[in-house]
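As recorded in TrEMBL, the features of this protein are as follows:
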- 57-174: domain 'General secretion pathway GspH' (DOMAIN)
- 21-40: transmembrane segment (TRANSMEM)
Amino acid sequence: MNMTTKQGKLLPQTKSSIGMTLIELLVSVAIISVLSFIAIPNLQPFIVKLRVDNEISNLHRALLKARNHAINSGNIVTLCPLNANNECTTLWQNELSVFADLNNNLILDEADGERILISKAAIKTSDKLVYGRYRTRVSYHPDGHLSGLSNGTFRYCPKGFEQFSRAIVIARSGRLYTSSDIDNDGIEETRSNNEITCN
């Protein structure tokens, strides 16, 4: 704030007149605290939704790369969670690996020249990723069709926020379809209008 003299002339601002008072600082801190108290709990659903979208996007990308590699290489290509013996398992929340399964035995045989082409990181939370009850793999023929299985659905369910569950449906042709909110109730459904659950 500028000061004036008796003659009405402005005096220059001094360093002592720049800054905040203690009361202004306390009011600012109180306002920030109240806004944080309101905003932070509302961020959790947003963060969960971002996590679900990211996991579905990464899985979709891995499936597309597996199918494209099968078509381009002329080999059967498998996506599955591998155990310590390089065998496909049903633990879909673990790291997923894509490899050319040259002998179609559902095992990554590095001695036979089979190599991991890409991998998708394991889910870091207690969320669930389910693909059928006992399905251990998704394998693509060189024509891009699924090998040995009918349609399948990957279902991703975040713990405590089941309303944000999403899915990827794999058609027999090998094409991928992501879930959407068909009936506009805020919960996504599969193409057959079934809400997504991981039970």
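Every residue gets a Cβ built from N, Cα and C, even glycine.
TrEMBL annotations: computationally assigned, not manually curated.
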Task: Counts by DSSP class (helix H/G/I, strand E/B, coil) across the domain 'General secretion pathway GspH' (57-174) - done: 23 helix, 38 strand, 57 coil
Open item on the list: Limited to the domain 'General secretion pathway GspH' (57-174), I'd like the whole-number average of pLDDT.
Closed with: 92
